[in-house]
Amino acid sequence: MQSFIFFVFLIYGFFPHCQSINDGNIKINLPNQQDVIYRYTRSERGDPAEKEGSVFKLRTTVFFVVYGLLVLLAFIAFLVWRLRRSKTQEKRKNMALMNIYSDLRDTGDAMPEELKNRPLNDKLDYLPYKKQYEIASENLENKSILGSGNFGVVRKGILKMASPKNEEEKKMRLTVAVKSAANCYDISQTSMLAAELRLMCSIGRFPNVLALVGAVTSELRKGRLLIVTEYIDCGDIRKYLIDHRNVFQDHLIEDKTEPDSYLTPISAKRKNYVFKNTDENSDYVIKESLDSLTTSDLLSFGLQIANGMQYLASIPMVHRDLALRNVLLKKNKTIRIADFGMARTHENKSYYIPQKTKDAPVPVRWMSPEAFDTMKFTEKSDVWSFGICLYEIFTLGQLPYPDVPSERIYEYMHSGRRCPQPQHCHVELYDLMKLCWHEKPELRPNFSNCVEYFIGHMKKSASKLLENVDEMLRVEAENQRKLEDWIRVERSESV
């Protein structure tokens with residue numbers, strides 16, 4: 001009531017000289033108090049429909065205003081949450097990268113005695129990063145992508161010499177392969193890459209093993225870790241064999257000097273090497289042209305893989321995924337065993353996911369039975385895989401067990417069945433394959449035995465080829481030694 005009286009006096013004060021207001025058929029004289037009261041009462045008793053409409057509009061307006069404010073507040077709250085979450089994740093990421101960087105730079109804790117004779121794979125946490133492999137980022141230029149997978153990207157790179165001694169060396173450039181994480185924000189990928197780097201540092205350099213040139217670790221705290229290796233220009237051997245099947249020259253033919261007998265089955269007739277080159281000095285010699293493919297090349301590939309695996313086993317180190325797709329080929333037909341890192345793409349159709357591993361694809365066509373059973377890998381399981389590699393070589397890249405589905409490989413192996421003798425394979429080498437595929441691991445040869453077997457076989461049948469391979473590997477060892485000159489900060493004048 002007091003508010004109403006105040007309202008009346010307010011109007012009276014604002015309109016002291018007004019005479020009348022014409023509101024429809026009602027004439028109201030102001031500032032007569034009675035008239036003002038009458039108008040107020042008339043307004044309150046107005047049309048109910050109009051009053052209801054006004055109330056509805058008011059409620060609608062209030063609803064949308066309140067709803068809008070709530071949405072705005074919710075959006076602001078969401079932004080604040082995202083910002084805090086992002087900062088928390090960024091902080092955790094930076095701490096994780098710092099830990100990886102510190103672990104990589106740390107000389108490492110003393111290795112437990114029980115691990116000292118174990119393969120490198122079992123003691124990754126204790127393997128140091130050797131600082132002499134560090135490459136200044138300004139000396140490395142990344143180029144086109146060579147390949148990529150779920151965990152890593154490999155690019156072609158150009159490396160400048162760290163300490164050139166003259167103008168000629170300043171102009172020199174080395175083509176390299178540069179591996180990085182597929183997603184630099186994924187800590188697990190960076191961690192696996194760091195583990196692979198420590199592994200490669202400990203492996204060292206050997207002619208038939210992909211050599212580490214160096215690494216860029218200075219920007220690891222920003223999520224950037226680069227592994228720099230030799231650039232191998234011709235891809236993997238399996239693809240090369242498949243692509244050159246139509247030009248293959250088979251020098252392994254049936255031996256006509258052996259007496260024919262109806263008691264000797266056709267499948268048992270022996271084949272020997274007959275090299276058809278007319279130039280005596282060119283017999284057994286590997287042609288560096290990639291356009292040619294002969295039996296000599298197949299023998300050379302087999303020996304070189306055995307040679308590289310013998311070196312890895314001597315470290316010791318277990319490969320776990322030895323297959324021709326992981327053996328690279330240079331233009332001069334020397335090979336490099338590669339892909340012994342922790343990160344695997346598993347995009348190859350020859351991989352199969354067994355029930356035991358649930359979601360971890362494994363190369364069942366190359367795996368030994370005991371590795372399939374226990375998921376534990378040893379030199380002897382690698383030897384089994386080497387036998388499969390020989391099968392791939394002498395079938396010119398054919399898939400092992402081509403008629404057996406991946407999910408039935410385990411059953412097939414345990415039944416005692418094995419891959420048949422390839423058409424282009426000497427019987428002595430097939431005997432080696434069967435030894436590699438012995439059901440009992442302890443009865444399989446080791447890689448030193450495999451190298452000796454190969455050398456003995458080639459001495460009898462292709463001695464000049466053996467000399468040729470030895471010379472190629474000597475040159476490759478020297479080329480790998482020179483890789484140090486590209487990253488060494490201080491070089492003597494005699495270098």
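Cβ coordinates are placed from backbone N, Cα and C, and glycine is handled just like the others.
Listed by Swiss-Prot as binding ATP are Leu146, Gly147, Ser148, Gly149, Asn150, Phe151, Gly152, Val153, Val154; the candidate from Lys87, Lys116, Lys179 that the record includes in that site is Lys179. All protein chains included, Gly152 (ATP binding site) registers 21 other Cβ atoms within 10 Å of its own Cβ. In this structure, Asp321 (active site, proton acceptor) belongs to neither helix nor strand by DSSP; it is coil.
A Cβ distance under 8 Å defines the sequence-distant neighbours of the transmembrane segment (61-81), meaning residues of its chain 6+ beyond its ends; there are none.
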